[in-house]
Amino acid sequence: MGRRKSKRKPPPKRKNIEPLDQQFNCPFCNHEKSCEVKMDKSRNTAKITCRVCLEDFQTGINFLSEPIDVYNDWVDACETAN
């Protein structure tokens, strides 16, 4: 006599982790991927600059900060200024 067939579910598939962007769209000139973030974790500062319109923004960071956080701070500062 044979065993009954197992009805156990297969293990869930792992999702691929996609890396976060390092270059962003400029909120001033609207060029795609023209803004680049430079982070200096030893000084706890980050600077984002646009290569096309030469706009820049500098902000303070902590050890958990990522380039997307600097970009979001820049966009938030633009919205509060307007």
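From the backbone N, Cα and C atoms, a Cβ is placed for every residue, glycine too.
Here's what Swiss-Prot has on this protein:
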- CYS26, CYS29, CYS50, CYS53: Zn(2+) binding site (BINDING)
(message) Centre the Cβ atoms of CYS26, CYS29, CYS50, CYS53, go out 8 Å, and tell me which other residues of that chain have a Cβ in range of the Zn(2+) site.
(response) PRO27, PHE28, ASN30, HIS31, SER34, CYS35, ARG51, VAL52, LEU54, GLU55
(request) Let me know how many other Cβ atoms fall within 10 Å of the Cβ of CYS26 (Zn(2+) binding site). (result) 19
(message) Neighbour count first, Cβ atoms within 10 Å, every protein chain included; then name which of CYS29, CYS50 tops the list of binding-site residues.
(response) CYS50
(message) Applying a 10 Å Cβ distance cut-off over all chains shown, what neighbour count does CYS53 (Zn(2+) binding site) have?
(response) 14
